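Everything below concerns the one structure shown next.
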Amino acid sequence: MNMKNIFLGFLSQIRSILMIFSNIFSFRETRLYPDEPLNLSLRYRGRIILTRNSNGSERCVACNLCSAVCPVNCISLKKSEEKNGRWYAKSFQINLSRCIFCGLCEEACPTMAIQLTPDIELSEFKRKELLYKKKNLLFSGPGKFSKYDFYSISGVNTTYDLKKNLSKKISNCVDVTDLLP
């Protein structure tokens, strides 16, 4: 019985050595990251950017859907209004030290202003530098969706004269007090 245990121990040692030698010459799965670039898919959720339309205007309409859907509340924004009535984000900031890169903000954005790109180099030495403001997030191009324009698809006209058209609609209204018994 003792000899049997010694023989099985010897066989397991030989098997371990053979396994090591067979893996020495096989293809290595580990990539040396800084020297060899990683091949990330286009759907990889990395750096968050704010995109612009093809005409250069910001896509964000400050609807607050991104901050409402964020599970860790890392997005905060303040809205303001242009002269033509269009809303825009006066200030927009994302705390990347809290962000879990879930992509819910990208899915909730109706204008496709927020997009997650396959960029993974987000490390900083100080935690305060992970608070990205609007100037850090703005991207010069349209991002992944170059042909998407929210205002042409939704049919919203920002040059609508409310006072002029409201007076026309009021004059066509029926006085409901005449219908009462």
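Here the Cβ of each residue, glycine as well, is placed from N, Cα and C on the backbone.
Residues of the same chain lying 6 or more positions beyond the ends of the domain '4Fe-4S ferredoxin-type 1' (51-80) and with a Cβ under 8 Å from any Cβ of it are 86-96, 98-100, 102, 104-105, 107-115, 138-143, 145-147, 149-150. What Swiss-Prot lists as domain '4Fe-4S ferredoxin-type 1' is 51-80.
The [4Fe-4S] cluster 1 binding site annotation in Swiss-Prot covers Cys60, Cys63, Cys66, Cys109. In sequence order, Cys60, Leu65, Cys66 are the residues near Cys109 ([4Fe-4S] cluster 1 binding site), counting only same-chain partners six or more apart with C-beta under 8 A.
Per Swiss-Prot, the feature [4Fe-4S] cluster 2 binding site maps to Cys70, Cys99, Cys102, Cys105. Around Cys105 ([4Fe-4S] cluster 2 binding site), the same-chain residues six or more apart in sequence whose CB sits under 8 Å from its CB are Ile48, Cys66, Ser67, Val69, Cys70, Ile75, Ile114, listed in sequence order.
What Swiss-Prot lists as domain '4Fe-4S ferredoxin-type 2' is 90-119, and the listing cites sequence analysis. Across the range of the domain '4Fe-4S ferredoxin-type 2' (90-119), the DSSP-based residue counts are 5 helix, 9 strand, 16 coil.
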With a Cβ cut-off under 8 Å, give me the same-chain residues at least six positions beyond the ends of the domain '4Fe-4S ferredoxin-type 2' (90-119) that come close to it. 40-51, 58-63, 65-80, 127, 130-134, 137, 139, 143-145, 148, 150, 154
Expressed in Å to no decimal places, the gap between the Cα atoms of Cys99 ([4Fe-4S] cluster 2 binding site) and Cys63 ([4Fe-4S] cluster 1 binding site) is 20
Using the Cβ centroid of Cys70, Cys99, Cys102, Cys105 as the reference point for the [4Fe-4S] cluster 2 site, which residues of the same chain not in that list have Cβ within 8 Å? Ile48, Cys66, Val69, Pro71, Val72, Cys74, Ile75, Ile94, Ile100, Phe101, Gly103, Leu104
Compute the mean position of the Cβ atoms of Cys60, Cys63, Cys66, Cys109, which form the recorded [4Fe-4S] cluster 1 site, and then list in sequence order the other residues of that chain whose Cβ is within 8 Å of it. Val61, Ala62, Asn64, Leu65, Leu77, Ala89, Cys105, Ala108, Pro110, Thr111, Ala113, Ile114
